[in-house]
Amino acid sequence: LFVFFTEEERRVRANDREYNEKFQYASNCIMTSKYNIITFLPVNLFEQFQEVANTYFLFLLILQLIPQISSLSWFTTIVPLVLVLSITAVKDATDDYFRHKSDNQVNNRQSQVLIGGILQKEKWMNVRVGDIIKLENNQFVAADLLLLSSSEPHSLCYIETAELDGETNMKVRQSLSVTSELGDPNNLAQFDGEVVCEPPNNKLDRFCGTLYWKDCKYPLSNQNMLLRGCVLRNTESCYGLVIFAGPDTKLMQNSGRTKFKRTSIDRLMNTLVLWIFGFLVCMGVILAIGNAVWEKEVGALFQSFLPWDPPVDNFLFSAFLSFWSYVIILNTVVPISLYVSVEVIRLGHSYFINWDRRMFCSRSNTAAEARTTTLNEELGQVEYIFSDKTGTLTQNIMTFNKCSINGRAYGEVMDILGAQQKRVQPLDFTAWNPLADRDFCFYDQSLLEAVMVGEPAVHEFLRVLSLCHTVMSEEKREGVLVYKAQSPDEGALVTAARNFGFVFRSRTPGTVTTHELGKAVTYTLLAILDFNNIRKRMSVIVRNPEGRIRLYCKGADTVLFERLHSCNHELMNITSDHLNEYAGDGLRTLALAYRDLSEEQWEAWAERFRGADKATDCRDDRLAAVYEEIEQDMMLLGATAVEDKLQDGVPETIAILSLANIKIWVLTGDKQETAVNIGYSCKMLTDDMTEIFIVNGHTVQSVREELRYNAPPSSLLESISGEFALIISGHSLAHALEADMEREFLETACACRAVICCRVTPLQKALVVELVKRHKKAVTLAIGDGANDVSMIKTAHIGVGISGQEGIQAVLASDYSFSQFRFLQRLLLVHGRWSYLRMCRFLCYFFYKNFAFTMVHFWFGFFCGFSAQTVYDQYFITLYNIVYTSLPVLAMGIFDQDVPEQRSLEYPKLYEPGQLNLLFNKREFFICIAQGIYTSVVLFFIPYGVLSHATQSNGVPLADYQTFAVTTATALVIVVSVQIALDTGYWTAINHFFIWGSLGTYFTILFAMHSSILFNIFPKQFHFLGSAHNTLGQPVVWLTIALATVISIAPVLAFRFLKLDLKPQLSDTVRNTQLVLQKKRKPGGRVGRGSRRSGYAFAHQEGFGELITSGKNMRLSSMALATFASRHSSSWIDTLRRKKHANSTGAQNTPPTGEDSAASSQTPPLSTSSSAAGKAGQACNEPVLTHSPDDIALSVIRCPEREVGECSTGTVQVNIHLKTSSSTNCILWG
């Protein structure tokens, strides 16, 4: 019996292994691997047989071992099964080998452990909880340690946490004062303190515990801890007590498996496989019934000389055995290689993403990375993108731009008349401030003058910036300061104060040293009230050299203004106006305030603070309550405005994704005004929008009223032509996400082109994503760069991490990562669309070829007395899916593409079939199945009908079983090879090699199996000596194969040509345009005058340039692609008539003159999304495609009468003929 205890608290006694081992704490040995040599085979096989398909084939293998049931040898199933299991096992073993290698490397690192008062070198794996470890500079921390002492003054040490959270900025940790003197190994050997703390958890930013030593207790926090994975920097040495080891460390607690995500195609495929199983059972039942009828009516006549086998004593039992026999024979409708092939294709697509040089950022030396291989095709189906703003749309590189101090705004340079001047030269700070940062730019001389003349409010404002922060300062050499800030905002503000003469120089645990206008000043640091996402502010309490105590605070204006003294009302209104102006410019803002404290106030509050800090339960809540007490009745100083510029290519990326019918929602913690301004900057919001709805209510009722009255119902929005946007604040969103209002909010938001949620928390981000996932059944993608985006990234179907300035926590939680938002368009429109297209084509062809192969057995059952005799020999059945047809379909699934990558970006509407799931769905599946069944009918009945009456050249009949089997098998391999050649849209050398190589391999193996060599070696296995030579040597056989191939392929070709002519997809048109352009580029070539029925071109009409560049003609209804060119063209013809009438009377019936041609050449250029279309002019003897002004539906029209206009280089002529007696309303050519 094993009894498992949940650890509620941890007790660790220093230098007492015997005491600590009673609790059976984990050792410091980590094991991320899954297997060892002994457990690999059983555990891996157990995992693989969790797959329903593998279990199903194991069941078939067991059936095949029963001789009364199976008409096939056991190896027809075991060979493919073992091959698939082996490939998966090798992949798993390789992955696990690298995990073992990594584990061994880490576990065998050396550390110095204090044992018996002597420092001894031990491997990390041998370190135990309660040991005391010595760390030296630049060493990795071996376990989660309580810092006991350090070689640095005040027992400080500096660490880098890049392996934990990706942040390269140094962080400071400090030991308790009572243990700071234990720096000598002899003293540490006598240390017997006991730590009682929280159990192991994954929270990197918090630790709560108490040290009991010498009858006293001391509170412990995260500031006293060194976590495994950190690196000691700028510290000679330090000692620490092991609290958590190995799997209990916070690093390992955070490396748990991410929730497994499945694609919609995976879910559909599982459903289809179940349907196929049902279909297989139905076929088995039909053939079993046939066997019963045949045995009763016909088989009984043969009993005298062909009796039943011993177990069979009646026709019903014979039918029962026949059912299982046919289940075995027909099992290839669900090939075991399907799942392995899908994984291989996904792996190939992932490598394409990793290798894409156009998604590589040279500035940060960061390549795109597919961190999962299971979601690639889902990238081609995204409908909603949820994006963070800071660091995702913007660069997260902050520059101090403007500020408001005591009601006066600084940062704008005005002339004498009050007009804004263009910035000429930034201020030169180095002339009077040798410690200034030379890279800092500021343009307003008036702020510098205010500093020089000594305005108290300005000095106090800059003093707040130099004191209220957690920045670490490192002095590389005399006068050269380098600031290490946890956030770019803090770094920008401290740098601004530095340049204006208030220079932060250094800090100790109890002091902060600054240089104020050249004079060194040291402040006593009494308390730091740290920032978090709930408080949205931070404060410090300091005592100046004169002994005055003051609290300095900076934070979000919405939070800070609520805590100001009532006398600040007028200043608050002025500052609010400045803040709104800054936010309107897209700047990030903070408000600054202070409060004077008396000695009595400080002492009373400090006592409550120490009590809350020592609390072992609800410590964070108690501290927050104490902080709230002191941060009241503050005096407002002003506000800062920091600029965070947009990343390169963000507006263009959002515009292109919008044209692809992808809706983008921005979820940010910034002010509403800032977020709205960024929305305009990145073209999410435009002046052309019909309405921008703002929901800003503070109560449930007010939010409901604003949703209903400010924003009309979604049904009404959809019926009104125009574009809408919704902006909602965090406090309103909290009410909108309640159960009784979430549907109303969702419907309104989804009817808008853009949605911006401001002042939202990380939890709200995840809730919004979950809401859309739950109700819209659409594929969602979340993209962010910070730890506050992790919940949103994990909630969405697809998570994308930006490797930016806020560490790599978002990247670690993501499915895909890169360094720039603009790469998102390439990830979706190129890699995502291609992955979806390839996977759909692969699945369609895969099911087709296997039904064509398997259903031949079904038809043969009606001609062999339902005896479960197979058509093909068992070797062909074994090799069909793993040799003859596996590589061509893999090549198509990995390399195929319908249009080049540049066209995918130029025509975003090509992305829409994935969103509508048009390329592989239940309808497409049944079409593939129908085609496969039709092919099987042809492949069986054509050879059967021909060979039953055919003879050889010597008069011997050809109607024997093996001749029929070879003919049918050969026809099958040729037909499926021709079919995949027709399905392949992009030919590479690999496609050619695999398709024609597989065909050659088939004939090589076929002749080898019927050769005398194998017959002499295995006479019992290869019975039909020379059958292949004799069969394929007959002309009638090749004619039969050719006839079967033509009859199988001809309907497919006819259907595709008709579809291309009558109902072309956008991809067909773009591909054809590409071919036309390639022909035009040939030097010296002239366009032929012969009729080409596959030639298409886009027609031009004056005035369409503005329409195309506006993007309005790129909007398709959800069914537009499905009914692409089937609608009647009268609507756009009428529009053209009206437009031509309005411009020039009578111009319809006359060709344009040379002047007209010249004028037309000055028409504004087309947008990039239609650039190829604009170049697709073709000779006037071709059928033509034209734009509809309302969308981009294309219509094919013919030219019964043509007049040829002359086109000069660089110009475009448009000839329009209105016909009243013809069925064609108008003819256009370019």
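Even glycines carry a Cβ here, placed using N, Cα and C.
Annotated in TrEMBL:
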TRANSMEM  56-85  transmembrane segment
TRANSMEM  272-294  transmembrane segment
TRANSMEM  314-340  transmembrane segment
ACT_SITE  D388  active site, 4-aspartylphosphate intermediate
BINDING   D388, K389, T390, E490, F531, K554, R588, T668, G669, D670, R759, K765, N788, D789  ATP binding site
DOMAIN    811-1064  domain 'P-type ATPase C-terminal'
TRANSMEM  842-863  transmembrane segment
TRANSMEM  875-895  transmembrane segment
TRANSMEM  925-944  transmembrane segment
TRANSMEM  964-982  transmembrane segment
TRANSMEM  994-1017  transmembrane segment
TRANSMEM  1037-1058  transmembrane segment
REGION    1140-1184  region 'Disordered'
COMPBIAS  1143-1152  compositional bias 'Polar residues'
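Stretch with the largest number of CB pairs closer than 8 A to the transmembrane segment (272-294), among 314-340, 842-863, 994-1017: 314-340.
Counted over residue pairs separated by six or more positions, the transmembrane segment (925-944) shares fewer than 3 Cβ pairs under 8 angstroms with the transmembrane segment (875-895), which leaves the two as not touching. Among the listed stretches 842-863, 875-895, 994-1017, 1037-1058, the one sharing the most Cβ pairs under 8 Å with the transmembrane segment (964-982) is 1037-1058. For the transmembrane segment (875-895), the partner stretch with the most Cβ pairs below 8 Å, chosen from 314-340, 842-863, 994-1017, 1037-1058, is 994-1017. Distance from the CA of D388 (active site, 4-aspartylphosphate intermediate) to the CA of G669 (ATP binding site) is 9 Å. Taking the Cα atom of each, R759 (ATP binding site) and D388 (active site, 4-aspartylphosphate intermediate) are about 11 angstrom apart.
Rounded to a whole number, the distance between the Cα atoms of N788 (ATP binding site) and the residue listed as 'active site, 4-aspartylphosphate intermediate' is 9 Å. Summarised as a single figure, the pLDDT of the domain 'P-type ATPase C-terminal' (811-1064) averages 91. Taking the Cβ of F531 (ATP binding site) as reference, residues of its chain lying under 8 Å away and at least six apart in sequence are, in sequence order, R537, M538, G555.
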